[in-house]
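Undergrad: Heads up, here are the entries from TrEMBL:
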SIGNAL    1-21  signal peptide
DOMAIN    47-148  domain 'Cytochrome c'
BINDING   Cys69, Cys72, His73  heme c 1 binding site
DOMAIN    199-322  domain 'Cytochrome c'
BINDING   Cys216, Cys219, His220  heme c 2 binding site
Amino acid sequence: MWFRSFILMASTLMVMGSAWSAELPAREKFKRPDSIPAPTSNPLTPEKITLGKTLFFDARLSRTGEMACATCHAPDKRWSDGRILPLQADGVKNARRTPTVLNSAWLSTLMWDGRAGTLEVQAVLPITTVHEMNFDLASLANRLNQIQGYRPLFAQAFGNDTINPERITQALASFQRTLVSNQAPFDQWINGDEQAISEEAKRGFAVFNDKNKANCAACHSSWRFTDDGFHDIGLASADLGRGTRVPAEVTLMQYAFKTPSLRDLPISGPYMHDGSMHDLKTVIRHYKSEAIQRPSLSTDMHQFELSELEESDLIAFIKSLDGGPLGIQAPAMPQ
Ligand code: HEC
Ligand code: HEC
């Protein structure tokens, strides 16, 4: 027993002793990009961003006029809704928790099951889905055409005041691309400020990366802490996720969901596609030993043990990825 705790202490000291231990991945891998990517077919302009922001907060984008994008992707809820499952429209249930739209400029596949490829394509889905805004694009364009205050916004963004579905989705996509996490203490540390995060968080970062410990970095990689891939992590939910999009023979995609970023997590969840977890201790307990063993379970999922200290270190590290709210307010609605 004393021998084991000696080893633990020794390894802890080793990590504490050096600012950046040799086993850790290079800092470069976590450096934030300098600019926001946008497709050449829809370059970012301040005018499109302003229009997109207005549309994002406008409940008139829904059939009943009661639901805006921001109803479910709210600035004060880390651009999600804080709910286990989203609000429903017309009594039709939505089976999956609302993900954040922060850092969505970098997403290569969107939605929990990856069914949209770009923000422009994605924007059509909530507007037209029956259990969300339940509208259609032609009627929406008609409605916006009758709101005088929208015409100058479209004219400034696109050169003339034609209002059509393509422009609506391009503007929404442009605004969302500007929702980028603030610099977190972790980023300052990556940039060389050794004091920016606690010793606990530094040790937690090592646990996070250690293949023989938590191995979180196998999937939560890059500056956004996601590999943009799909994995079954052994949750109890019966939802097949990516499995509903690919043949049943693709074993590893059954029960698989898109890896979420770990930046700016809401403190008390809910976490996971089914909103089934409310704190990081529960999340870690799941990864340690509670994943359902089945053929689709990711090969990067293996049981592991952590001391209480390692567990609280890991949580301290995840909290160092929090850059705080963006401070964006709802704009005035055009009349
Ligand atoms: C009723 C709540 C609700 C409303 C309203 C809503 N969303 Fe969502 N949003 C969701 C849910 C739930 C998902 C995930 C659905 C899934 O993966 O099956 C989602 C997913 C997304 C994603 C993908 C994020 C990712 O990580 O893949 C984007 C982007 C997005 N919504 C933008 C919008 C925009 C733009 C609007 C307005 C036009 C909007 N949402 C309206 C609930 C909502
Ligand atoms: C095999 C890949 C993989 C590994 C390893 C992994 N994760 Fe995940 N993580 C995912 C996927 C995929 C999801 C979404 C699962 C779902 O909802 O079905 C997720 C979800 C999460 C969430 C919820 C985020 C949210 O917005 O809902 C947290 C927190 C999290 N992981 C932390 C960790 C930690 C901490 C570790 C290490 C102990 C870890 N993950 C290891 C792939 C992985």
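Numbers run from 1 along the shown chain.
Even glycines carry a Cβ here, placed using N, Cα and C.
Automatic prediction, not curation, is the source of TrEMBL annotations.
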Undergrad: Return the members of Cys69, Cys72, His73, Cys216, Cys219 (the binding-site residues) with CB less than 6 angstroms from at least one atom of ligand 2, or none.
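TA: Within range of ligand 2: Cys216, Cys219.
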Undergrad: Of the binding-site residues Cys69, Cys72, Cys216, Cys219, His220, which ones put their CB under 6 Å from ligand 1?
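TA: With ligand 1 as the reference and 6 Å as the Cβ limit, the list reads Cys69, Cys72.
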Undergrad: Could you put numbers on the helix, strand and coil content of the domain 'Cytochrome c' (47-148), residue by residue per DSSP?
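TA: The breakdown for the domain 'Cytochrome c' (47-148) reads 43 helix, 4 strand, 55 coil.
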Undergrad: Suppose we draw a 10 Å sphere around the Cβ of Cys216 (heme c 2 binding site). How many other Cβ atoms does it contain, all chains included?
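TA: Cβ-Cβ neighbours of Cys216 (heme c 2 binding site) within 10 Å number 23.
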Undergrad: In this structure, which of the binding-site residues Cys69, Cys72, Cys219 has the fewest other Cβ atoms within 10 Å of its Cβ?
TA: Cys219
Undergrad: Please report the number of other Cβ atoms within 10 Å of the Cβ of His220 (heme c 2 binding site).
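TA: Other Cβ atoms found within 10 Å: 20.
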Undergrad: Which are the residues of the chain, Cys216, Cys219, His220 excluded, whose CB is within 8 A of where the CB atoms of the heme c 2 site average out, their centroid?
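TA: Apart from Cys216, Cys219, His220, the close residues are Phe208, Asn215, Ala217, Ala218, Ser221, Phe225, Thr226, Asp227, Thr259, Leu262.
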Undergrad: Which residues, same chain and not among Cys69, Cys72, His73, have a CB within 8 angstroms of the centroid of the CB atoms at the recorded heme c 1 site?
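TA: Apart from Cys69, Cys72, His73, the close residues are Phe56, Ala68, Ala70, Thr71, Ala74, Trp79, Asp81, Thr98, Val101, Pro126.
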Undergrad: On the 0 to 100 pLDDT scale, where does the domain 'Cytochrome c' (47-148) sit on average?
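TA: Taking every residue in the domain 'Cytochrome c' (47-148) and averaging pLDDT yields 94.
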Undergrad: Out of Cys216, Cys219, His220, point to the one nearest His73 (heme c 1 binding site) in space (Cα versus Cα); all of them are binding-site residues in the record.
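TA: With Cα distances computed to His73 (heme c 1 binding site), the winner among Cys216, Cys219, His220 is His220.
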Undergrad: So, three-state DSSP: helix, strand or coil for Cys216 (heme c 2 binding site)?
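TA: DSSP assigns Cys216 (heme c 2 binding site) to helix.
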Undergrad: From the DSSP assignment alone, can you count helix, strand and coil residues within the domain 'Cytochrome c' (199-322)?
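TA: Summed over the domain 'Cytochrome c' (199-322), the classes give 43 helix, 10 strand, 71 coil.
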Undergrad: Between the Cα atoms of Cys219 (heme c 2 binding site) and Cys69 (heme c 1 binding site), what distance do you get, rounded to the nearest Å?
TA: 29
